[in-house]
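Participant: Straight out of TrEMBL:
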type   : residues : note
DOMAIN : 30-103   : domain 'DNA-directed RNA polymerase RBP11-like dimerisation'
Amino acid sequence: MNAPPRYELYVLEDSERPVEVVEDTKIPNAATIKVVKQDHTLANLIRAQLLTMPEILFAGYKVPHPLQPYFLIKIQTDGSITPTAILEQACTKLIGTMVTLENKFKREFSFKDVGGVVPDDPYGTGAAGGSDWAQGKDYLDF
C-alpha cells in the first residue's frame, strides 16, 4: 500500500517542528503557516475562528496531499496585528470554546446521575412522548 504507517500521521519526529511560519513577501501583513501532523479538522476550526475576527482580511487553508499529514493556512490581516499574533488569539479563543463545550456536556450528563430526573422533552417543544412523525417533522429525535 502507499499509505504510511498510522503512527506517522500524529507522532512528531525528533527534528520536526509542529508549526512553521513563513512571512509573505508579496502580500502585506500576510503569512503562510504550516501545521504538521494535523488535518482538515483543526484547519477548518482555525479558519472559521479567524474569519470571525474583524482584523482578518483573508484566511484559508489547504491540505496539499491526503497522504501528507500537514496543512497550510494563509492569513492576511489589516495591519493592526501580525498574522502570528492573531493566530495565537484564535487558538486561545478556540480552546476557551472547547472548554465551555466540555463543561456543558459534563453538566448535561451529570443530570442523568441525579436520579434519572431528565426531562422527556429536552428541546422544550411540548411533545412529551408520542410520535414526532405525527407532528409534521421530517426527522425523529432520539
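Cβ atoms here come from the backbone N, Cα and C positions, even for glycine.
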Participant: Could you tell me the mean pLDDT over the domain 'DNA-directed RNA polymerase RBP11-like dimerisation' (30-103), as a whole number?
Facilitator: 95
Participant: Would you list the DSSP helix, strand and coil counts for the residues of the domain 'DNA-directed RNA polymerase RBP11-like dimerisation' (30-103)?
Facilitator: 33 helix, 22 strand, 19 coil
